[in-house]
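Notes for the one structure printed next.
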C-alpha cells in the first residue's frame, strides 16, 4: 500500500488550519505552521512535505516571500505550493505565480474544489518524482568512444576492451537483434541467396 503523502498547511488563523485539516486528514499526513518562519523551518527537517498549502497575508514573512525562498532552495524548489487566500485581485494572483505557486484555492473554501485541487497537484507531484527517478536510471551513451579500427572493440573508462555488443548493453537500454548486411552476406555466403539483390 502506498504511504500517505504529506501536506504542510501554513496559516496564521487556527480556524483556517482546522478547516483544511478536517477536509484532508483522512487522506493525507498533515503538518501545520502558523507563520512563514515556522513554514520555512518545517521544510528544513528530514521529512519534506509533498505539497504546501500557504496563506498569503501573515505577520512577519508573507506567503509570497515564503514561496520565493522555497523555490530558491535546492531541497524544496520541487515542492508544489498552492496559495489558500481571500485575495482576489488579478495582480495578486500574478504575483503568486511569479513567486512560484502552482495554483490558488479561494477562501472561503469550497470543500469539493479544494480537495480536487489538492488531489490533482499531489498526483502531478508523484508523477514528476517517478519520471525524475526513471530518467536518473536511464543510461546514456555520450562523448568520444575509443574503438579499435580492426576488431571494432570499444575501450571503456578502465582501459578494458569490450565487444561492441557488451559495451552498448552495459551503457544503454538498447537490445540487440543480430542480422547480416548485404555486403557480409555476399562475402561469407556467396553461394546462398540470402541477401537482397541490388538493382542494376
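Placed from the backbone N, Cα and C atoms, the Cβ positions cover glycine too.
Straight from TrEMBL, the features:
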DOMAIN    6-122  domain 'Response regulatory'
MOD_RES   55  4-aspartylphosphate
Other C-beta atoms within 10 angstroms of the C-beta of residue 55 (4-aspartylphosphate) total 26
Secondary structure content, the domain 'Response regulatory' (6-122) (per DSSP, counts of residues):
50 helix, 23 strand, 44 coil
Averaging pLDDT over all residues of the domain 'Response regulatory' (6-122) gives 95
